[in-house]
Each structure stands twice: as structure tokens, then as C-alpha cells.
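Notes to accompany the following structure.
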Amino acid sequence: MLGCWRAVSAVSAGRGRWAACACSRRLLFSMAKSKFEYVRDFEADDTCLPNCWIVVRLDGRNFHRFSEQHEFKKPNDDRALHLMTRCAQTVMQELEDIAIAYGQSDEYSFVFKKKSRWFKRRASKFMTHVVSQFASSYVFYWKDYFKDQQLLYPPGFDGRIVLYPSNQNLKDYLSWRQADCHINNLYNTVFWMLVQRSGLTPVQAQDRLQGTLAGDKNEILFSEFNINYNNEPLMYRKGTVLIWQKINEVVTKKIKLPEEAEEKEVEVTRTKTKVVPLHCDIIGDQFWEQYPEILAEDS
């Protein structure tokens, strides 16, 4: 404490803040090495295994109620889907070690590179950063997509982490999520057609669809509502894939030529790497053959 008093005296005497800063650092260091430091031993080691793909998947918490109270359009609301994608792009731009992301409905999966050293590969750091960045972005960008709908209360998201040791494991995981997207969207499309256009109650529509297969649902859509499910937007049927791509942008720049007195505007093409949304099949081999850099070891 004598040293602290001297530091304060130095500041009051006009000798600057450096003495006080040095004293504060020594005091903090001594406190960190105090008898209370043992509490750090209670922290669990949650380091992710090396050479594994780290997948952080987040889901909206109680989004069924959230979508009803905010009057989401059924079976799909473009505003909500584009907002989810905008939030996911923000996460990827913040954490550039994300190789690919996939989203549908109120969920998004973020795949970190196998060799990523972000956060020293601590699972809790990966999950909390992704979920907090996504949730804050959802609130921040809400007004850009729901211009006439006020945000009544902040949404919640939960997250989980799963490690996949091989490329095939990762591809199978993403295929599973896209297959889930197809199954859910087909059901929801038929369900809401029965409610909105046939006048069935939700319980009656649920009873009507109980035990039906994909072919049965397609037949109901076509025969009763003249809807070919294969013509529904790809974003609904396939979900959204986010990847990094190099994009050429044309910008206007002012330059001053030596022989001219005034500045002149010229168009300049610049190449930037951006997060690009795709609506395509990722279950087959074509996607992975077209974008081999996603799984490349040195990507």
C-alpha cells in the first residue's frame, strides 16, 4: 500500500500517470497470485480435440411462440429467413475460421476448420461467442427486415457443440440437417395449406397428415391445391448454405492525373472475399466437387 500512496503522490505532484499504472499492474499481479487463486482449479478443461471439425449449432428458444406473437407468415416467412441469414453472415465475418455454415428455419450450424486455434479451441468460448453474436445481430438487424413489425421482446437462442473427426462425418452431418429441412418444410407446406385453404383446424390437419409418407403429401398438394412441391423456392426446400467466395466489385475512385489539374472519377475493380448465400443441394457430390476448398486442409 505504501507503493500505491507513492504512486498517487507522483500523480498529484505532476509526474504523470505512468508511475500509477506501474503500481496498479504490480498490485493486480500480486492479487492474482494470492491465496484465492486456487478457485481457478474448479474450471473444467473444455478444450476441443485436435484435428476435428468443430460444429456449433444454435436453435431459437421457444420460436413457435415467438413466430406467432410476431405474426410470421406460414409456412415460410422470407423476412425471418433472410434475417437469420444476415445474422449468420455477421458471425462468419467476425470469426473467419468458419469454413461453412448451414441454416434452415430457426437454426444455423457453423463449421470451424479442423486446424482452427481460435479461443485455444475452448468449447465454451466457441459456443458463447457464436450464440451471443448471433442473438445481438438478430435484434440489431430486426428493423431492416420487419419494417412494420415491432420487436416485442428479445429472442433467445441455445447452442451446442459437436466434433466430427472426418470429412465424411461432417458431410453426413450437413446432409442430415438438409434432409431435416426437406422433411419439415414438406410437412409444414401441406399442413398450412389444409388450414389456410381447406379450412381445417390445426388439430384436424394434424390428424389428416398422421401416418402419411412424402408421396402422400406431394399428392395432397398437387391434387387438392395444384401445387408442385418441386417448384417451391429452393430456400424453403434446401435451406441456406453460406460459403466464402471471391467477388469482383466495381467502385468509383477519385484520382488526379499529372497532366490534369482537377481530380477525375474512374471505375476500379477490386476483389473481395465475402460470405455468399447459396440455396442448393449439399447431400450429393456435386457441391463438394464444385467447392473443394471448403474441406481442404490448408484452406
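Using the three backbone atoms N, Cα and C, a Cβ is placed for every residue, glycine included.
TrEMBL: automatically predicted annotations, no manual curation.
Non-local contacts of Phe63 (GTP binding site) by the CB criterion (under 8 A, 6+ apart in sequence, same chain) comprise Ser105, Asp106, Pro155. Under the heading GTP binding site, TrEMBL lists Asp59, Gly60, Arg61, Asn62, Phe63, His64, Ser105, Asp106.
Residues or ranges marked as Mg(2+) 2 binding site in TrEMBL: Asp59, Asp106.
Annotated Mg(2+) 1 binding site per TrEMBL: Asp59, Gly60, Asp106, in sequence order. A sphere of 10 angstroms centred on the C-beta of Asp59 (GTP binding site) encloses 16 other C-beta atoms.
According to TrEMBL, the feature domain 'tRNAHis guanylyltransferase catalytic' maps to 36-165.
Residue counts of the domain 'Thg1 C-terminal' (168-284) by helix, strand and coil are 57 helix, 31 strand, 29 coil (DSSP-based). Annotated domain 'Thg1 C-terminal' per TrEMBL: 168-284, in sequence order.
Most Cβ neighbours within 10 Å, among the binding-site residues Arg61, His64: Arg61 holds that distinction in the structure as shown. Within 8 Å of the Cβ centroid of the Mg(2+) 1 site, not counting the listed residues Asp59, Gly60, Asp106, the chain contributes Leu58, Arg61, Phe63, Ser105, Glu107, Phe157. Here the Cβ of Asp106 (GTP binding site) has 20 other Cβ atoms within 10 Å, regardless of which shown protein chain they belong to. Of the listed binding-site residues Asn62, Ser105, the Cβ environment within 10 Å is emptiest of other Cβ atoms at Asn62.
Mapped onto DSSP helix, strand and coil, the domain 'tRNAHis guanylyltransferase catalytic' (36-165) counts 58 helix, 31 strand, 41 coil.
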